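Enquirer: Sharing a structure, written as structure tokens. Questions coming.
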């Protein structure tokens with residue numbers, strides 16, 4: 001299912017392209033091509049995007065192996081097919097509507113919640129995290145400080161989307177079945193189940209993010225991206241000791257935002 005085309009000599013690693021090829025590989029040209037394909041659904045490979053979503057749960061390493069093949073065949077790390085983004089957007093809309101239903105929100109409140117989740121939780125936070133990781137990786141993690149070796153911003157955003165998808169499924173889908181009857185109850189089992197789902201979801205995000213940057217052969221010391229696990233586990237244990245219910249806090253926050 002993964003391409004195995006041999007590496008072209010001019011696209012190995014981050015080699016310098018000829019002026020004509022370089023014009024076609026600028027960030028602006030890639031962005032224009034990507035956005036243009038958003039309006040051509042027949043050109044999108046939804047089957048492969050679904051394959052990626054499945055393996056982000058079962059074997060995320062295989063997903064990033066495909067990013068490596070894309071670099072070999074198309075000389076770019078970032079996705080050139082928006083199918084994954086389209087499917088993620090659909091999943092985001094459906095899960096948010098389900099979230100609004102579980103929280104007993106009205107139609108307009110659910111629409112407000114959907115706009116908040118899409119433009120703030122996913123896109124806004126994603127742009128911030130992708131830009132921060134793009135800066136940190138290029139500034140401190142590149143093995144050789146050379147303009148021919150750099151992390152594409154589009155790839156950094158793709159890594160965020162890859163890591164966000166499992167988090168979305170866990171917190172906006174799986175968690176829905178436990179919110180009203182288990183999680184938001186004033187019991188130990190309630191905040192234990194809710195906070196454990198948060199631990200798994202954020203842990204997935206950190207791990208998939210780490211895999212994304214460790215897949216780049218020109219980066220070093222990517223293991224430091226796993227350090228937030230220590231803080232995450234510490235917060236988890238403190239929350240259980242203090243009885244903090246993260247899901248209950250999130251539901252209260254969402255209800256406040258849509259008023």
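Placed from the backbone N, Cα and C atoms, the Cβ positions cover glycine too.
Heads up, TrEMBL stuff is auto-annotated, nobody curated it.
Below are the features I grabbed from TrEMBL:
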- 1-15: compositional bias 'Polar residues' (COMPBIAS)
- 1-21: region 'Disordered' (REGION)
- 83-102: transmembrane segment (TRANSMEM)
- 114-136: transmembrane segment (TRANSMEM)
- 163-184: transmembrane segment (TRANSMEM)
- 196-219: transmembrane segment (TRANSMEM)
- 225-247: transmembrane segment (TRANSMEM)
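Quick one: where do these features end up spatially?
Expert: With a threshold of 8 Å between CB atoms, the same-chain residues lying at least 6 positions outside the transmembrane segment (83-102) that come near it are 38, 41, 44-46, 48-50, 52-53, 109-110, 113-114, 117-118, 122, 161, 164-165, 168-169, 172-173, 176, 179-180, 254.
Residues 88-89, 92-93, 96-97, 99-100, 151-153, 156-157, 159-161, 164, 168, 172, 209, 213, 254, 257-258 of the same chain lie 6+ residues outside the transmembrane segment (114-136) yet bring a C-beta within less than 8 angstroms of a C-beta in it.
Beyond its flanks by at least six residues, the transmembrane segment (196-219) meets 13-14, 56, 60-61, 64-65, 67-68, 77, 133, 137, 141-144, 149, 151, 155, 158-160, 162-164, 166-167, 170-171, 174-175, 178, 183, 225-226, 228-229, 232-233, 236, 246-247 of its own chain at Cβ-Cβ distances under 8 Å.
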